[in-house]
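The structure appears right after this line, and notes come after that.
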Amino acid sequence: MSPQTETKASVGFKAGVKEYKLTYYTPEYQTKDTDILAAFRVTPQPGVPPEEAGAAVAAESSTGTWTTVWTDGLTSLDRYKGRCYRIERVVGEKDQYIAYVAYPLDLFEEGSVTNMFTSIVGNVFGFKALRALRLEDLRIPPAYVKTFQGPPHGIQVERDKLNKYGRPLLGCTIKPKLGLSAKNYGRAVYECLRGGLDFTKDDENVNSQPFMRWRDRFLFCAEALFKAQVETGEIKGHYLNATAGTCEEMIKRAVFARELGVPIVMHDYLTGGFTANTSLAHYCRDNGLLLHIHRAMHAVIDRQKNHGIHFRVLAKALRMSGGDHIHSGTVVGKLEGERDITLGFVDLLRDDFVEQDRSRGIYFTQDWVSLPGVLPVASGGIHVWHMPALTEIFGDDSVLQFGGGTLGHPWGNAPGAVANRVALEACVKARNEGRDLAQEGNQIIREASKWSPELAAACEVWKEIVFNFAAVDVLDK
C-alpha cells in the first residue's frame, strides 16, 4: 500500500479540504476478483485534471465527502474506499476520459440492485467538478452475482413451459395503447393469438385507468388466450402488466393472474423501481409465472453519450433483479440502437460468460456463474420486411414483437398475425437450409408471399417504410 493513499488513524486528524486524488487515485492498485469494477465516461469541468475527476467519482460514490472528517479515523478507510485505478483518454472526444473504479464488495448489500445503484450512481452524478458523467459498464463479480435469484425461470425453462423450440418467439403489442374497453382489448388479443402469434402484450402505460380497469382486462385477456389455445393447439400468453402504484397492489395483480392460470405477467422495471421488480421476480419464480420486462424511461437515462447510464448496465441490473424478457431495441426499427452495441448487451443478457470486447462496448469480462438468461425482445417500428434481418441479428433465443406491424394489416389483426408467422417460418426454414438472410432476405419474403395472400398484402403496405436516422449513441472510434 502506498503511504500516499493509505489512511491511518494514528497520524491524527487534520481538518480541512484536500484533493481527492491524494486518497482515491491509486494507479498501482491490483483489482481483486471480488471487486465490483466500473467504467465511467468522465467530462471534467475546465481546469479539473482527469486524475482528480476520476478520484472524485471514486470518493463520492463510496466513502468520501467534500472535507476531511474526524470519523475517518474510526474505520479502515483503505478497506472500504473506492479506488480510481486507471484513466484513459477517449480518442476523438475533447476532454472525455474513461475512469476505471474498483469498489470493495463489502460496500454493497447482498441481493440488492437498489443499494448497488444508490452508491455507484447516486449523488456523484450531480457533482459540480464534473461537466458530465456516464456509467458505461460494470463488472459484477461472481461472489456478488451469487447473492441474486435473477430471472424467475430463464430461457430454457420458458421454452419447456411453452413447448416451442428452434425459432424466435412472436409477439404483438395491442394498439391503440390507451382507450380500448376491456372487451375490445380482449378481442384484439384473441385475433392475434389465433392468427399464429405466441404472445400479445399490454403496452407499458396500460395499468388500471378509467377506460379499462386492470381486473376487467385480465379477465378478458385470459378468456382470449384460452380460446386461442384450444383453436390452435399451441400454448399462448399475454403479458398482463402488473405495474401499480404500490408494491402491494402490484403483487395483488400478479396473484390474480396466477389464479386465472395465465403463464406470464409484466412489469415496467425502471418506472416501477428495482425493489418492486425484485419482489415481483421472486413471486413469479415461487408461483410459476414468467415475467416480461418493459424498459420504459430507459432513454431518459441511457441515450446521451456523455451523461447517464448505458443500457448495457441497466440490462445487467435487470438480469440480477429478475426478468425473463426485456426490450432491447431492434437495430432496424424506429428506436435507437446501433448493431454492435445492441448485440453486445444482448449477449450479456443471454450468455453465461461474456469476454471483454471494446468493439461491442463491453469493458469487462462478465461471468454470470449460471444465473439464468433473459430473452431480448425486439420491438418498435418493425414489419414483415424486417423479419430476415431480425432473425439473423437476434437468432432463435429472442422475441420479435410487431405491434403496428400486426394490427396495421389492411385485412385485420388475425391476417396480420398470419403474415408475421409465415414470414418468420420462411426465414427460419431458409436459414436452416444455409441461405444468407442478410443477402437474400427480400427474395425469401417475396417467395413466401406467393403462397400467403396475408403476407403479400403486408408486403405491399410496408414496402417503402424505413427509419433512416443516425444513432445518437455510437461506439468510440
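Yeah, the Cβs are placed from backbone N, Cα and C, and that goes for glycine too.
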Considering the substrate binding residues ASN123, THR173, LYS177, ARG295, SER379 given in Swiss-Prot, which of HIS325, HIS327 is annotated for that site as well?
HIS327
Work out how many Å separate LYS201 (N6-carboxylysine) and THR173 (substrate binding site) at their Cα atoms, rounded off.
5
Based on DSSP, name the secondary structure state of ASN123 (substrate binding site): helix, strand or coil.
helix
Given a 10 Å Cβ-Cβ cut-off, pick out the one of the recorded positions LYS175, LYS177, LYS201, HIS327 that has the most other Cβ atoms nearby.
LYS201
HIS294 (active site, proton acceptor) versus THR173 (substrate binding site) - Cα distance in angstrom:
12
Please list residues from the chain of HIS294 (active site, proton acceptor) whose Cβ is under 8 angstroms from its Cβ, counting only those at least six apart in sequence.
GLU204, ASN241, MET266, HIS267, ASP268, TYR269, ILE326, HIS327
Collapsed DSSP category at LYS175 (active site, proton acceptor):
coil
Between the binding-site residues ASN123, ARG295, SER379, which lies closest to LYS175 (active site, proton acceptor), Cα to Cα?
SER379
How many Å separate the two farthest-apart Cα atoms among the substrate-binding residues ASN123, THR173, LYS177, ARG295, HIS327, SER379?
37
